[in-house]
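The block underneath contains the structure these notes are about, expressed in structure tokens.
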Amino acid sequence: MTRQTLIAGNWKMHGLTEALGFFGAIAPIAAKSPATVLVCPPATLLQQAARACDGTVVRVGGQDCHAAPSGAHTGDISAAMLRDAGATHVILGHSERRADHGERDADIRAKAEAALAAGLVPVICVGETLSEREAGREVEIVAGQLAGSLPENAASVDLVIAYEPVWAIGTGLTASVADVASMHAAIRERLPNPATSCILYGGSVKPDNAAELLGLADVDGALVGGASLNASDFTAIIEAASRKRE
Ligand code: 13P
């Protein structure tokens with residue numbers, strides 16, 4: 001069975017209405033690619049982005065959701081609201097959410113379950129800090145995050161996991177190809193559906209390193225931050241992913 005290849009862009013807190021031209025620029029490249037192409041803009045642009053992608057293969061997703069279906073949670077967004085706005089996926093447990101909002105594994109599990117209940121694919125992020133890697137604890141940390149944050153029914157869904165070493169995010173540093181290969185293998189063997197689960201790498205993925213990273217057997221795609229803000233960089237990464245299946 002072939003696992004899906006997924007190239008996902010995470011715009012983080014970037015993007016005003018004028019950024020929507022991006023979708024028209026990437027759609028023709030995405031149409032030629034065997035990879036699934038997903039872009040997660042800020043929530044304020046989600047519905048407009050979904051409309052811009054209507055009739056194209058490009059999908060849009062959220063960057064976070066609340067675990068409850070609705071309620072008195074000022075400023076939060078439910079999974080059903082993301083779905084209603086046109087999302088197919090939602091990023092959960094990004095290290096910036098863990099750091100800025102104190103999200104713990106149990107919160108991420110609850111959010112993942114809410115996402116699945118609303119018909120969204122959760123993209124669950126894991127990754128160690130530099131000090132954890134320097135202490136040789138990276139596999140232990142990531143294994144703990146997986147054990148704590150995978151949804152209850154993980155065995156009956158095809159999961160998307162994003163391995164994003166915290167020290168590689170926005171720094172221009174990437175984990176070595178050997179380190180990525182061994183971490184992705186370690187993640188895969190801890191998943192209930194290893195053969196069908198999709199494991200992305202994230203952390204300073206750029207046009208000039210995408211082919212090498214995406215060439216690894218256990219790397220099923222990329223979660224791209226900075227380079228997803230620029231249509232020509234992002235399409236170059238989509239093209240690198242297209243070569244994965246050649
Ligand atoms: P950069 O690609 O900017 O390093 O960000 C990675 C990331 O955090 C994607 O979720």
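Glycine is treated like the rest: Cβ placed from N, Cα and C.
Curation plays no part in TrEMBL annotations; they are all automatic predictions.
SER204 is the only one of SER33, SER149, SER204 that TrEMBL places in the substrate site (with ASN10, TRP11, LYS12, GLY170, GLY225, GLY226). For GLU164 (active site, proton acceptor), the count of additional Cβ atoms within 10 Å of its Cβ stands at 26 [all protein chains shown]. Distance from the CA of GLU164 (active site, proton acceptor) to the CA of SER204 (substrate binding site) is 9 Å. DSSP assigns SER204 (substrate binding site) to coil in the three-state reduction, outside any helix or strand. For ligand 1, the binding-site residues lying close by, meaning a CB under 6 A from one of its atoms, are GLY170, SER204, GLY225, GLY226; the full candidate list was LYS12, GLY170, SER204, GLY225, GLY226. Sorted by the number of other CB atoms within 10 A, the recorded positions LYS12, HIS94 start with LYS12, the lowest.
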